[in-house]
Amino acid sequence: MPSYTVTVATGSQWFAGTDDYIYLSLVGSAGCSEKHLLDKPFYNDFERGAVDSYDVTVDEELGEIQLVRIEKRKYWLNDDWYLKYITLKTPHGDYIEFPCYRWITGDVEVVLRDGRAKLARDDQIHILKQHRRKELETRQKQYRWMEWNPGFPLSIDAKCHKDLPRDIQFDSEKGVDFVLNYSKAMENLFINRFMHMFQSSWNDFADFEKIFVKISNTISERVMNHWQEDLMFGYQFLNGCNPVLIRRCTELPEKLPVTTEMVECSLERQLSLEQEVQQGNIFIVDFELLDGIDANKTDPCTLQFLAAPICLLYKNLANKIVPIAIQLNQIPGDENPIFLPSDAKYDWLLAKIWVRSSDFHVHQTITHLLRTHLVSEVFGIAMYRQLPAVHPIFKLLVAHVRFTIAINTKAREQLICECGLFDKANATGGGGHVQMVQRAMKDLTYASLCFPEAIKARGMESKEDIPYYFYRDDGLLVWEAIRTFTAEVVDIYYEGDQVVEEDPELQDFVNDVYVYGMRGRKSSGFPKSVKSREQLSEYLTVVIFTASAQHAAVNFGQYDWCSWIPNAPPTMRAPPPTAKGVVTIEQIVDTLPDRGRSCWHLGAVWALSQFQENELFLGMYPEEHFIEKPVKEAMARFRKNLEAIVSVIAERNKKKQLPYYYLSPDRIPNSVAI
């Protein structure tokens with residue numbers, strides 16, 4: 001009788017093993033085997049991290065094996081099991097791989113396809129078509145869209161982490177408990193001793209150093225020492241944790257009535273301000289989005305304030321970007337003066353602090369939350385709903401949505417919900433952050449997620465004109481490496497544009513993103529369908545780049561740039577100044593966050609800047625969803641390209657007092673998971 005050798009690999013994460021009964025049956029083109037209990041006498045089967053082998057003898061020839069059925073039945077208590085893969089050695093000596101990489105929970109039957117990626121058109125056998133359809137029907141019941149707030153991209157229909165499908169939950173929920181992590185952060189940073197003085201002001205700038213430990217020889221220390229300097233202020237718009245707002249100014253806005261006479265002491269080329277604009281030396285950052293946003297009112301004991309500044313910047317003869325004019329609100333007038341570097345020291349400093357605070361709010365809520373977290377969740381939900389596990393695009397993307405839906409669900413549960421942690425320290429808490437996302441949706445376009453196009457749209461593409469924009473330089477390298485990789489994978493499975501156009505599952509995936517993620521907005525520019533291999537490759541590059549590189553660029557620098565409180569105040573306790581010549585150091589300190597909010601803020605940016613335990617970085621694919629040699633070779637080339645980028649960035653950083661490493665591929669996690 002024919003005999004098969006079955007190898008079963010159990011996951012190595014905590015509680016991956018099981019004591020439940022595991023049965024296996026084989027489905028072939030010529031018949032189906034009986035159920036076989038996988039059990040070895042005097043042996044503990046399916047332990048965490050184990051690879052177990054079993055001989056399975058069948059009564060008759062089964063033909064080509066098409067499916068493997070796994071049944072899990074309760075032994076004593078339900079015991080979840082994480083199955084990595086099954087391999088089958090046939091009586092003819094052939095090896096067949098059946099990837100799984102998911103949790104098997106309860107008393108269930110799981111059906112596995114072999115690991116070869118297949119488009120829908122490749123499945124001509126009824127049982128395979130049926131399996132494909134049933135998998136998507138089941139997933140669409142599990143992964144349901146929900147509107148968390150009006151106007152937001154839709155998210156997963158789950159009130160809390162434990163409501164999620166087991167496959168997308170964190171291995172340990174404790175590791176992503178925001179309350180626990182923030183408390184741990186404050187303990188690690190030795191700042192919980194200040195919490196009893198929650199609403200008291202600091203005495204002066206030096207007083208902030210009491211909560212600033214463990215920073216020797218770090219970017220944080222450099223920020224603390226140089227934050228008041230105009231060069232450091234300008235540098236952050238290029239290479240800080242929000243390097244996406246600065247744009248070349250092609251015309252001075254009417255709402256900022258700045259003149260040459262006002263700024264001539266800052267201009268170094270003996271040109272008028274208008275001539276500097278024409279020569280491309282003037283840049284602008286406009287926080288119009290914040291105009292009219294409600295400030296946090298959740299604490300009746302502390303008034304909090306927001307501004308909507310406009311900041312004009314200048315490229316000096318050293319090609320460095322420096323601020324030359326700041327107006328703290330959108331409508332010009334006598335009580336909304338334009339602050340200048342030539343003003344009194346504390347006037348100018350407070351104006352810059354207001355800009356830094358506004359930048360913090362836009363960074364946290366729009367650049368970070370909306371444009372990486374929420375967008376990546378949309379891609380993840382659409383993928384699970386519309387692409388079966390056998391689809392090549394599912395196999396390509398699944399690593400890049402790992403834990404994303406889970407981290408966002410935890411954020412909605414603890415962080416950005418009503419009365420959540422975000423409300424404790426941020427002026428945009430208490431609902432302002434919701435208003436911001438609703439406003440910013442109109443600017444969330446497909447083109448703005450295409451990295452090269454986004455850089456060009458802001459007039460920031462020239463390396464000769466703007467030589468110190470490392471976010472742009474490194475981002476373009478990583479974008480091109482991802483684009484090359486996705487193009488290779490697409491070409492393996494789609495031999496022509498027509499195959500792309502005629503792939504119904506792919507088109508449903510793209511349409512789901514448009515309809516539910518972008519809420520069917522034509523102005524978003526998101527495609528409803530893809531019609532060519534080139535377009536598909538670009539689309540996949542957007543998905544992967546957003547989840548990996550873009551998130552890394554705007555997330556992991558938060559402690560570096562935001563931990564020195566005066567450089568990134570999460571709230572301001574007095575309104576913007578309405579006149580010049582009245583600001584004192586005491587007024588600035590009383591405007592900055594109090595001790596308690598400073599501590600909450602510091603704990604938050606520390607916790608958010610940490611990599612996950614056992615982090616998987618860009619190009620690492622330990623779960624082998626693909627088994628075909630051409631794709632594995634493409635992955636190897638991808639990793640080689642990424643290693644070359646790591647070397648280029650490391651070599652440049654050797655010469656820099658202020659290194660930029662957020663887009664070094666060895667520091668870019670595969671997915672949004674923190």
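Each residue, glycine too, has its Cβ placed from N, Cα and C.
These figures come from a predicted structure and were not determined experimentally.
Record features, source Swiss-Prot:
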DOMAIN    2-118  domain 'PLAT'
BINDING   GLY17, ASP79, ASP80  Ca(2+) 1 binding site
BINDING   THR18, ASP19, ASN44, ASP45, GLU47  Ca(2+) 2 binding site
SITE      TRP103  site 'Essential for stabilizing binding to COTL1'
DOMAIN    119-674  domain 'Lipoxygenase'
MOD_RES   SER272  phosphoserine
BINDING   HIS368, HIS373, HIS551, ASN555, ILE674  Fe cation binding site
MOD_RES   SER524  phosphoserine
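When the Cα atoms are compared, ASP80 (Ca(2+) 1 binding site) and THR18 (Ca(2+) 2 binding site) turn out to be 6 Å apart. Least packed by the Cβ count within 10 Å, out of the recorded positions ASN44, SER524, is ASN44. The record gives HIS368, HIS373, HIS551, ASN555, ILE674 for Fe cation. Within 8 Å of the mean position of their Cβ atoms, the other Cβ atoms in that chain belong to LEU369, THR372, VAL554, LEU608, VAL672. Annotated pair TRP103 (site 'Essential for stabilizing binding to COTL1') and GLY17 (Ca(2+) 1 binding site), C-alpha to C-alpha distance, rounded: 10 Å.
Same-chain neighbours of the Ca(2+) 2 site beyond THR18, ASP19, ASN44, ASP45, GLU47, judged by a C-beta within 8 angstroms of the site's C-beta center, are, in sequence order, THR10, GLY17, PHE46, ALA50.
Using a 10 Å radius centred on the Cβ of GLY17 (Ca(2+) 1 binding site) and all shown protein chains, the other Cβ atoms total 21. When secondary structure is read from DSSP and collapsed to three states, TRP103 (site 'Essential for stabilizing binding to COTL1') falls in the strand class.
ASN555 (Fe cation binding site) is surrounded by 20 other CB atoms, counting those within 10 A of its CB over all protein chains shown.
Residue counts for the domain 'PLAT' (2-118) by DSSP state, with H, G and I taken as helix and E and B as strand, are 0 helix, 61 strand, 56 coil.
With respect to their backbone Cα atoms, GLU47 (Ca(2+) 2 binding site) and HIS373 (Fe cation binding site) stand 35 Å from each other.
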